[in-house]
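Trainee: Before I ask anything, let me first share the structure, which is written out below as structure tokens.
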Amino acid sequence: MLAKMSFMQNVKNIQEVDVNHKRVLIRVDFNVPLDENLNITDDTRIRESLPTIQFCIDNKAKDIILVSHLGRPKGVEEKLSLKPFLKRLERLLNHEVVFSQNIAQLKQALNENAPTRIFLLENIRFLKGEEENDENLAKDLASLCDVFVNDAFGTSHRKHASTYGTAKFAPIKVSGFLLKKEIDSFYQAFNHPLRPLLLIVGGAKVSSKLTLLKNILDLIDKLIIAGAMSNTFLKALGYDVQDSSVEDALINDALELLQSAKEKKVKVYLPIDAVTTDDILNPKHIKISPVQDIEPKHKIADIGPASLKLFSEVIESAPTILWNGPLGVHEKQEFARGTTFLAHKIANTYAFSLIGGGDTIDAINRAGEKDNMSFISTGGGASLELLEGKILPCFEVLDKRH
């Protein structure tokens, strides 16, 4: 894993190339959450892209073209347009931003002579061929720039036209400051970390994190498994989790993982009690029970107070902490205590804390602890693949130092 991260660290960064009077296309990640009125509820990803954009402004790039996706549109969907982002961008950058409906309109605007201009292209996923890594679309985007900058860590594990494809055909292709910061932070967590190194994994499914867990056992010392995915492990150990969500097909995989952890001397912690309910969406009865005594027809919705105490003690002894996935159904206030408590606990330690996953970040924001974590990764799937020991495809096509 470290060798692969080192390979990705060898990618050239924007500060190593001359952008003066150059046309720069930056693949940013503005895939941010919106409310029902299409207002941005968390602009973290937009703010994280600002240093790269500002660098281009300060170094007098001729034109700066921002390309991003938003959501998973099927064709053109007005509710997923990037046009409403203009005002937020202009306020954050203190600079005018011009919206381009399509590539043809953008090309026409680029022909006009003017001092440094910033363009925001409409949601790139509105264009057919983006997710298929269409070569013609990639070449079209690459033709717009002298320098291509990938600053979208969250999509760097996907071979899309605006990330992987454009980099292949651009004359100069480098990483932005955010991309560099992401890789450097992951490398810091695993290259001679202060030990014990603790990994906390939560979330709904074992299947989404099984590869991660198998590959990372050689690097960690302690492992907390919580969230709905822990139900599968509890059932594998013989506990009756009643109506709780379980991936029965992965019972044997869970047992094998626990055995592998034992052989590698990784201490594994599972919940010892739980907050359960008759109905997660409309709870009428909520109860705290030991995991060996779950109420019939109840579902596990959060970890209980005894588990919180146990996990707190583990966290207090860990100088390096990685966390991916909530510990319960944190979207509902009744079942958010475990995740919120954990966020406060990690924030109040001296540990180097690296946080990944959209749900985890959302929970940390709700807890008001965003500024108290060492590093919050902007990538969900990308950070998981990195932890699984993979080289993210989009790094392969960027220019290397040597």
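Any Cβ shown, glycine's included, is placed from N, Cα and C.
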Trainee: Given that Swiss-Prot annotates Asp29, Phe30, Asn31, Arg45, His69, Leu70, Gly71, Arg72, Arg125 as binding substrate, state which candidate in Arg91, Arg158, Arg195, Arg337 belongs to that site as well.
Mentor: Arg158
Trainee: For the ATP site that Swiss-Prot assigns to Glu331, Gly357, Gly358, Asp359, Thr360, which of the candidates Lys181, Lys209, Lys214 is also assigned?
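Mentor: The record-listed residue among the candidates is Lys209.
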Trainee: Out of these binding-site residues, Asp29, Glu331, Asp359, which one has the fewest other C-beta atoms within 10 Å of its own C-beta?
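Mentor: Fewest other Cβ atoms within 10 Å, among the binding-site residues Asp29, Glu331, Asp359, is found for Glu331.
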Trainee: Within 10 Å of the Cβ of Lys209 (ATP binding site), how many other Cβ atoms are there?
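Mentor: So the Cβ neighbour count for Lys209 (ATP binding site) comes to 23.
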Trainee: Count the Cβ atoms, other than its own, that fall within 10 Å of the Cβ of His69 (substrate binding site), considering every protein chain shown.
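Mentor: By my count, 27.
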Trainee: Considering only the binding-site residues Lys209, Gly357, Gly358, Asp359, Thr360, which residue has the minimal Cα-Cα separation from Gly71 (substrate binding site)?
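Mentor: When the Cα distances are compared, Gly358 comes out closest.
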Trainee: Find the longest CA to CA distance in the recorded substrate-binding set Asp29, Phe30, Asn31, Arg45, His69, Leu70, Gly71, Arg72, Arg125, Arg158; express it in Å as a whole number.
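Mentor: Those residues reach a largest Cα separation of 18 Å.
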Trainee: Taking Gly71, Gly357 as the binding-site residues to compare, which has the smallest set of other Cβ atoms within 10 Å?
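Mentor: Each of the binding-site residues Gly71, Gly357 was scored; lowest Cβ tally within 10 Å is Gly71.
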